[in-house]
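Feature list (source: TrEMBL):
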- 55-136: domain 'GHMP kinase N-terminal' (DOMAIN)
- Pro83, Met84, Ala85, Arg86, Gly87, Leu88, Gly89, Ser90, Ser91, Ser92, Ala93: ATP binding site (BINDING)
- 201-260: domain 'GHMP kinase C-terminal' (DOMAIN)
Amino acid sequence: MYRIQIPATSANLGAGFDALGLALTYYNYVEMEECDRLDIASADDIEVPCDERNLIYLSAKDLYAVCGRKLEGLKLRQTNNIPMARGLGSSSACIIAGLVGANKMLGDPLTKDDLVDLAAQIEGHPDNTAPALLGGIVTAVFDGRKVHWVKQEVYTKLKFVAMIPDFELKTEEARACLPKEVSHKDAVYNLSRAALFSASLLTGKFENLRTAVHDKLHQPYRMELIPGCREVFDIAYTHGAYAGYISGAGPTVMAIVDEENKFFAGKMKFSLDNAGLGGWQVKELAIDNEGTLITDV
Ligand code: HSE
């Protein structure tokens, strides 16, 4: 039996739509072993699909197929701490769990690069799957077949504080609201900021982050789908966040905060409750530099 620990991820990081993502210290756990049938259960009270639609199983089956093998069955026990459909990479965590577990069961025939590519093909974009596997901040370009990526470990005095609402937003819906075309000016607006984000994060020029997270490709459209979002941003800036952005496809809003700003999370929760936004949970996280871990149990 293998035990897999997979981190939550925050994608886009403002302007880096479908290209930038980082791993967070917030984990799902999956216990996995080969079995002659499907035996899937939740190890907590979170409901998961227990049949062939299960994403961990489907991803494991894909990896077996790539290796010319048939997966007859699978025993899975899932602990789902990462909330679903909230922009924190819960689907990617399932995909990575399935791939890493299946690869281990077959004796590690695929390389890390292979897993990054396969995960992006399953998910359609690499900005959650790659950091979920690799950890750190990952810059990734998916050319349709292969992912060209760089992982950078981040050791900063920054906290990532997630404001997670009590409603879901499906990625398909949050992608369907985006424009099919954008202007040259907007493209330049975004690419310059995406580049500024990683450079500023990695060199400690945090005063740039507020400018770097602005974008014209997705956040203005998605904001309309997230009631309370604007107010959450305003409150985060009032309490001294360096930057705030919609995490992945939303609806979670992520604030980047200095570790010296000790009571940010408490102040945030108090202000949200006072503003009638009591359904928003506040969770203080940091960057995970390890990525997915698998152990024998
Ligand atoms: N880059 C993706 C998006 C992340 O924004 O739609 C969500 O899966």
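Including glycine, each Cβ sits where the backbone N, Cα and C put it.
Note that TrEMBL annotation is computational and uncurated.
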Taking DSSP states H, G and I as helix and E and B as strand, how many residues of the domain 'GHMP kinase C-terminal' (201-260) are helix, strand and coil?
25 helix, 10 strand, 25 coil
Of Ala85, Ala93 (the binding-site residues), the residue whose Cβ has the fewest other Cβ atoms within 10 Å:
Ala85
For Gly89 (ATP binding site): intrachain residues, at least 6 apart, with Cβ closer than 8 Å:
Pro7, Ala8, Thr9, Ser10, Ala11, Gly21, Ile82, Asn128, Pro131, Ala132, Gly248
For Pro83 (ATP binding site), which residues of its chain lie six or more apart in sequence with Cβ-Cβ distance below 8 Å?
Ser90, Ile164
Quick one, of the binding-site residues Gly87, Ser91, which Cβ has the fewest other Cβ within 10 Å?
Ser91
Beyond Pro83, Met84, Ala85, Arg86, Gly87, Leu88, Gly89, Ser90, Ser91, Ser92, Ala93, what residues of that chain have CB atoms within 8 A of the centre of the ATP site's CB atoms?
Ala8, Ile82, Asn128, Gly248
